[in-house]
Amino acid sequence: MLSLRSLLPHLGLFLCLALHLSPSLSASDNGSCVVLDNIYTSDILEISTMANVSGGDVTYTVTVPVNDSVSAVILKAVKEDDSPVGTWSGTYEKCNDSSVYYNLTSQSQSVFQTNWTVPTSEDVTKVNLQVLIVVNRTASKSSVKMEQVQPSASTPIPESSETSQTINTTPTVNTAKTTAKDTANTTAVTTANTTANTTAVTTAKTTAKSLAIRTLGSPLAGALHILLVFLISKLLF
């Protein structure tokens, strides 16, 4: 009995410590990244997401408002069966429950941003995105509903552009061909006329010269020449 009485103070102290530590152990559901005393659910955290489709993936930029008192942001994206989905960017610590822990103690900013990437085939409307904003050992928790984003189809080239190009190009080719043809014809006609005129003049000159030579070289021309010399000599003497 005396030994039991001596153990009672120690048992009471142990029970007090267990009761004191139990709230923090039950509240810390983020997988040993950090111990939280209290977690409050809030719908006024003004968390926003913006999607950007690239190739076969869609990247959501998650923006969380913070201040100098915020020491960390914890993010978690899980499917309906509580399995994790997607990949996160930046420097973080991965917790045991598939959440990611971003330490902000050395940063001073008004917003925290990170990227979450999933395949375009993933139905993100069934994904539960949880955000915890940690101040000291107290966290405000909020869930964000994601919107499905489909990749936009490429814009086809309007047919009117191709038609316009054909209409504008064809007259130019025809005009060029017509101009070249007319120029060739004009050059040919001019060359022919010039050649004909030159040939005619040359032929006429050659004919007259030949006629004069033939006239002077005939017997009648010689007789006339002798008679002319005889008459001139009579007049002089």
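If you go along the chain as it appears here, the first residue is 1 and each next one adds 1.
From the backbone N, Cα and C atoms, a Cβ is placed for every residue, glycine too.
Of N103, N115, N193, N197, the one with N-linked glycosylation site in Swiss-Prot is N103, while the others lack that note in the record, though it may still apply to them.
Residue annotated by Swiss-Prot as N-linked glycosylation site (from the set N52, N67): N67. Swiss-Prot records N-linked glycosylation site for one of N30, N96, namely N30.
Here the glycosylation sites are N67, N103, N136, and the one with the most other Cβ atoms within 10 Å of its Cβ is N103. Cα of N67 (N-linked glycosylation site) to Cα of N103 (N-linked glycosylation site): a distance of 13 Å.
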